[in-house]
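Data block below; observations after.
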């Protein structure tokens, strides 16, 4: 399953099997010398039989891992199979469908399935399906219920999936963000290409170009693939977009989102990074690099390798010119639009405490996860005279 990242908290864990948490088991609090990531513990879980896989099937595909999704509805004595409306169907919904089918992970969620044999099932029995991605069945996702409402009613626009036994899993090296964060006042005459790619705040449009500067929060991003399949762009090379100003192709328009949030979650500044070069910068000792951007090469991140976006390249920043001094949250989200399937999206977000005094910035407590706890938010320090983080 590969090696983990970050701090190691426990060693020599000895459970009886009845404890509510691993922390309740006898264990040793370790030092850096006691354990390495080569010894990371892993688990393979088994869900009890629920029968959920009997209420879903796929048909028409080239293999048992792909096809048009069909679900069973009704009560005993009046059960029938039907199709799912393809409106808004995507990777998260496909993740749940593949899980319910017992076919592993989603590779693609398809909104059109005209190229697969429709068979004799033509009735659409489910619409408006919206999943978080962790549900065990499509029934547990939000949907329209008995009221079917499709924007496109033909059977060619019904939902389909391509499943896979393996999937990639991206994880950001949070400690590196914390170690490399700094502020730069960059002259406007050096930001024309960045402006073309919408990497600056809206107020930059009304700036007195080429005079003046923008204040940028810069940091490095090191993104590891800890999954069991290579991370590849959804689009093939034939559809990559050429950007003349920077002189490179984009294989994914939005690969990473960067945000500055107030403690209550209000966004006050944002940035984004396109994947202009998705490649294996470095790998673990026993892994060879497979992807390199030079000479229009194939892009991706091999299992056991990582891609490094250095702090000194264009758009590897958040434009904080309009942000007032205060306490904030720095948030980085990889693959934010779920454009490429992964085995786990819950570890794609990183958040840090962020303290800005108008001249310097202190980024600390960076960690992987969706949100800070209430207790962590309460511990934010305030500057003398500061009553809120509201941006005017």
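Using the three backbone atoms N, Cα and C, a Cβ is placed for every residue, glycine included.
Taken from TrEMBL, the feature domain 'SRCR' applies to 1-46, 56-164. According to TrEMBL, the disulfide bond annotation covers 15-25, 131-141.
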Tell me which of the disulfide-bonded residues 25, 131 sits in the most Cβ-dense spot, judged by other Cβ atoms within 10 Å. 131
Note: among disulfide-bonded residues 15, 141, least Cβ-dense neighbourhood at 10 Å is 15
Treating G and I as helix alongside H, and B as strand alongside E, what does DSSP give for the domain 'SRCR' (56-164) in helix, strand and coil? 17 helix, 36 strand, 56 coil
What's the CA to CA span in angstrom from residue 25 (disulfide bond) over to residue 141 (disulfide bond)? 35
